[in-house]
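Written out below as structure tokens is the structure these notes cover.
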Amino acid sequence: MIDTKVLGDKFQQLYGSTPIIARSAGRVNLIGEHTDYNDGFVLPAAIDKEIVFALAKNNSDTCRLYSVDLDDSAEFSISAPAKTDKAWANYVVGVAAEMMAIGAEIGGFDCVFGGDVPLGAGLSSSAALECALANGLNELFGCGFDKLTLVKSAQKAEHNYAGVKCGIMDQFASVFGTAGHCVRLDCRTLEYSYFPLNIDGYKLVLCDTNVKHSLASSEYNTRREQCESGVEILKKYQPEIANLRDVSLELLQAHKDEMDPVIYKRCEYVVKENARVVKACEHLDAGNLEAFGEQMYLSHEGLSNDYEVSCPELDFLVEQTRNNANVLGSRMMGGGFGGCTINLVKEEAIESFVAETAEAYQKAMGKEMKSYTVVIGDGARVEQAPVC
Ligand code: GAF
């Protein structure tokens, strides 16, 4: 957990004023991958790893930023917020700009931020950054936006300033997450319910491949376009179809021959994954962890074979669990092309599971594997109390 005293001290040292503290969480996703931008279902949860901002007005036109983790600084003008040549700073520019685009009156501010969400591990460090800042600016400048508006501004910042046409899952979980629960979200209506994570005797363990292949963002946007082109074909038959959420497996199969085989595979994966989320929630509700775990494995197979967003490192880690009686389910998590697998592991076997998997991974891939046992935490919040 990040020490807010360190952030506050750094803030004082750099800018000499007293900040507020705004934080937001990274996330895991139990099941429902690449379904959010198809208006489908997801089952994420906020984790106890966060990005934290120390933030204060500076009554000027200039915003001054400092990243503790990168030991780097940047500036931009709030009256003309434009992308900088630093990718990390553009998330900050983007959130401020997107909030102003819907009417927020934001002036110059200073910020120092850092966190313990591992970067590039598929735990949504970028959503945590965007949401912490959106929440902090909302408080600091009295914008009066509700949580959902902040989520949408953060998502737009990711689209327009990081170039990833993401769905809403990461930002939603980062803001709306609550300790001990996952969030079952309908990405069309944005109706959600908190699901207690009843996995007695088991825990969620993340195995981090320690790789992030460079094609991740471009392939992500391509997947989105492929889904949309599948929908265009089906619309000719059922004009009311807006998204893959509206498509049944029967309808899809009936028009298989009219689709490019790659487009078909992508659409079939999404339609099946949506059904898996519904089933997985029923299993979780009934306490049937074996059946829940099976859905996780099926999800991975679809992501690897049909959606083609896995990679050898992720596939290896999932395969390793197949004959391990202490693991009920395993799948790649998030956008793909690296990052973590999420595993449902018997509590008493976690230590040996991690040690054996890391050893096998090192041997086969020549790389170090990291691991995290998931603790479900709270979403975005602001602390008014000064830190120094
Ligand atoms: C990334 C995106 F940001 C999410 O919106 C989601 O699509 C996810 O990949 C895949 O499920 O994390």
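Note that Cβ sites are derived from N, Cα and C of the backbone, with glycine treated the same way.
TrEMBL labels come from automatic prediction, so no person has curated them.
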Besides E33, H34, T35, D36, which of Y202, Y220, Y237 does TrEMBL list for that substrate site?
Y220
Which recorded positions of R27, S126, D170 contact ligand 1 in the sense of C-beta under 6 Å?
D170
Across the domain 'GHMP kinase C-terminal' (284-355), DSSP yields 39 helix, 15 strand, 18 coil
Secondary structure content, the domain 'GHMP kinase N-terminal' (90-177) (per DSSP, counts of residues):
51 helix, 7 strand, 30 coil
Using C-alpha atoms, which one of the recorded positions R27, S126, E158 comes nearest to D170 (active site, proton acceptor)?
R27
Which one of these recorded positions has the most other Cβ atoms within 10 Å of its own Cβ: E158, D170?
D170
